[in-house]
Amino acid sequence: MLTVDDLEIGFSTLHPLAGVDFSVARGEILGLVGESGSGKSMTAMSVMGLLPLIGGRVTRGSIRFEGEELTTLDEARYRRLRGGRIALITQNPMTSLDPMVRVGPQIDQGARLHLGLDARAARIRTVELMARMRIPDAARVYDLHPHQLSGGLRQRIVIAMALAGDPELLIADEPTTALDVIVQAQIVQLLVELVRERDLALMLITHDMGLVAQACDRVAVMYSGRIVESGPVAAIFEDPRHPYTRALIGCIPRPGMAEGTLAGIPGTVPSIADLPSGCRFHPRCPMAVAACRDRVPQTVAVAADHGVACLLAGAASGDAP
Amino acid sequence: MAKYAIRRLLALLPVFLVVTVIVFLLIHLVPGDPIDNLMRSGSDPAQRDALSRAYGLDRSLVEQYLAWMGHLVRGDLGTAIVQRRPVAELIGENIGYSLALGGLALAFSAIVGIVAGVTAASFQDRVADRALMSLALVGSTVPSFWLGLLMILFFAVQLGWVPVSGARHWTSVILPATTVGLAGMALVARVTRIAMIETARQDFVTLLHAKGVSRFTIQTRHLLRHALVPVLTLLSLRIGLIVGGSVTVEYVFARPGLGSLLIRAIGQRDYPVIQGSLLMLAIAVMLGTLVGDLLQAAMDPRQREDDRS
Ligand SMILES: Nc1ncnc2c1ncn2[C@@H]1O[C@H](COP(=O)(O)OP(=O)(O)O)[C@@H](O)[C@H]1O
Ligand SMILES: [Mg+2]
């Protein structure tokens, strides 16, 4: 359904994405995972065609949606796609809704724009959709303002808003990061159910490998603007080939662990203004050899639908931590 | 909302009391009195005392204040000492001109300012934005007095489009209103622009784009609504300046109005007229500010105190 191929984006001279490849099929949940700063949100903004909004542009590669090239699509047609066929859910439900507008009409907007419903029909549909999001007393909540709702309820509103235009592809950018653990689980379960019952495609962006294991079918691991490993969730967890993937799996958050740290691997994602040569992970990689500093690793298939971009991919096989 | 409005209105009562004291003291503490303006110099001191007594000017300030307040609460503004007509009548003759001038100046500040601000924000960092913001900078720094004179020279004297002064034709209000409203207009433009740009960076605006809402709709419906909140604050703060500005501009343009009435009455130390017209100006400022606050509360659900969930 969605195929991203060698995508590079630019902000003046900086390139937050430098050759990103992945694809999502209908009915599939793809986890896009990586530490903060690796370029996940940039990928989401690229697919939504919203880079110009933050001052960026696609400089290379392609984004194909149902066979249609999006990188060269004109704005008027892109607008019909947004909300109508591809929808976005953002991280922070406290800031994702217009504080001055009642929540119901914020959901209506999508149905009115993309399904051509009038105000009354849109309202009826919105209340149904809100009830489907397990929002109690939906008809009353329709008329409330965002500040009168809890974070969990607001995120359900944001999801309803995304579904209002009946999209086929859902991009959820860390949809649960800002919520507490119990609400997180409920929201993830809701998203999975919606994907199954509506045969959607979901791109679930997260930095939490535990969430990937729990909810996703396939996973693409991102580091510093590149996909370093991708494949079916089972294959990746059984046989992770990239040292970064292993570190991520090793750092599935457990109680008592400092947030955002990689087990055994200190440091952070490099700044896009000061990128290391060769493999961008080599300064932090416990297995790096001299060649890693000079050669950019190409993605190689180590199994069917399992690709790794690591010079040591073959050698590293089988000695998972 | 209605409860909130009533509470805010009641809160103005003590302010109003303080204002009456200030209005009263302001003129009574200035040397000279209205009797000087009634009599020629060198006239009979006994006659002077008699007049003073007749107008109660021989009593203590406290007594005079209480007497004035006593009439005021019954809706009686008293009678002009020098002009010898009811103050209410004098104010009635003039207030229309002032309302027209102040209202138009306010509308000019608001409408032209908001349109300029939205336009600048839509063309952020491009030529139209730079040009509008340079103009706004000039508009808010040039003294309005000087600008008023320049405009008289150009539009009235040179081009003859509008009258130089007075208020005989409706077009005569254009130059004074522009003069009074210009600085406010420039400020409104700048505040509108920056509020639109700041709001555009928020997550919910990204989601509006992601929903497929057009850029134009986002600008004019969603961002503008947010920008109007600080703009309303600014405008209700400007009301005092507009009222004050109107007083001097009426004088410059030789227009009738509360300002002209006040200035003439000050020259004559005509206490009841000064007190009455100052009070009207103060009420205009208080009510204007109140209306601004209420509009703002009506627009922003987070500020509505009695908005229950
Ligand atoms: N507006 C911007 N202009 C230029 N660079 C940006 C901008 N926003 C984010 N970046 C950079 O892009 C990189 C990827 O960011 P992002 O996609 O937000 O990461 P993630 O979502 O994975 O945490 C980071 O290095 C970040 O510093
Ligand atoms: Mg992000």
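Including glycine, each Cβ sits where the backbone N, Cα and C put it.
Curation plays no part in TrEMBL annotations; they are all automatic predictions.
Check TrEMBL against the ranges B:65-91, B:227-253 and you find transmembrane segment recorded for B:227-253. Two recorded stretches are said to be in contact when at least 3 C-beta pairs lie under 8 angstroms, sequence spacing 6 or more; the transmembrane segment (B:135-161) and the transmembrane segment (B:227-253) meet this definition.
When Cβ-Cβ distances below 8 Å are used as the criterion, the transmembrane segment (B:95-123) is approached by residues 129, 132-133, 135-136, 167, 173, 176-178, 180-182, 184-193, 195-197, 200, 219-220, 223-224, 227-228, 231, 235, 238-239, 242-243, 245-246, 249-250, 255-259, 280, 284, 288 of the same chain, each at least six residues removed from its ends. Using a Cβ-Cβ cut-off under 8 Å and counting only residues 6 or more beyond its ends in the same chain, the transmembrane segment (B:273-295) has close neighbours at 4-5, 8-9, 12, 15-16, 19-20, 23-24, 26-27, 68, 77-78, 80, 82-83, 87-88, 90-91, 94-95, 102, 106, 232-233, 235-237, 239-240, 243, 247, 258, 261-262, 265-266.
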